[in-house]
There are 2 protein chains.
Amino acid sequence: MTDLIGYLAAGLTTLSFLPQALHTFRTRDVSGISLGMYALFTTGVALWVAYGALMASGPLLAANIVTLSLALAILVMKLRYGRAPRKD
Amino acid sequence: MTDLIGYLAAGLTTLSFLPQALHTFRTRDVSGISLGMYALFTTGVALWVAYGALMASGPLLAANIVTLSLALAILVMKLRYGRAPRKD
């Protein structure tokens, strides 16, 4: 039961970035997205991947590689779409 | 060294939601934020809190209670500020 709750928790927090990535991809609306959040979060998840590798933990590695891909995609879109269209 | 990376990872992914919460609070700009993401993420983090309690893990509990508070605040702001201002 405890394990089930843990796997469910991991699944939900990992997959939750999918609707955000799709929403951002479709709307290109990134003004409400915090660059600071995705800079810190992406760095943090990259460290979780390193931690999972060092601990040789399959579930930790798998969940965090998925999250890292999605968070990195959102960060790149924030940087790309967030630029002011003109300089004047 | 492995522990240090784990704690750093936990600290960054937990604290990353602070700039997003502050950004959303200041700008009230929630159109780019995915409701699906925060609905799934908040549920997932609530399950992480339950998992931390069942495992009697202090660090898991502490990190996820902070994340839950921030994610819940962003979810509430999304629901409140995201409503269309008029019905016509």
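In case you wondered, yes, glycine gets a Cβ from its N, Cα and C as well.
Predicted, not measured: the structure shown is a model, and the values here were computed from it.
The feature transmembrane segment is assigned by TrEMBL to A:6-23, A:35-54, A:60-77.
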Intrachain residues whose Cβ lies under 8 Å of the transmembrane segment (A:35-54), provided they are six or more past its termini: 60-61, 64-65, 67-68, 71-72, 74-75, 78-79, 82
Same-chain residue ranges lying at least 6 outside the transmembrane segment (A:6-23) that approach it to Cβ under 8 Å: 29, 59, 63-64, 66-67, 70-71, 73-74, 77
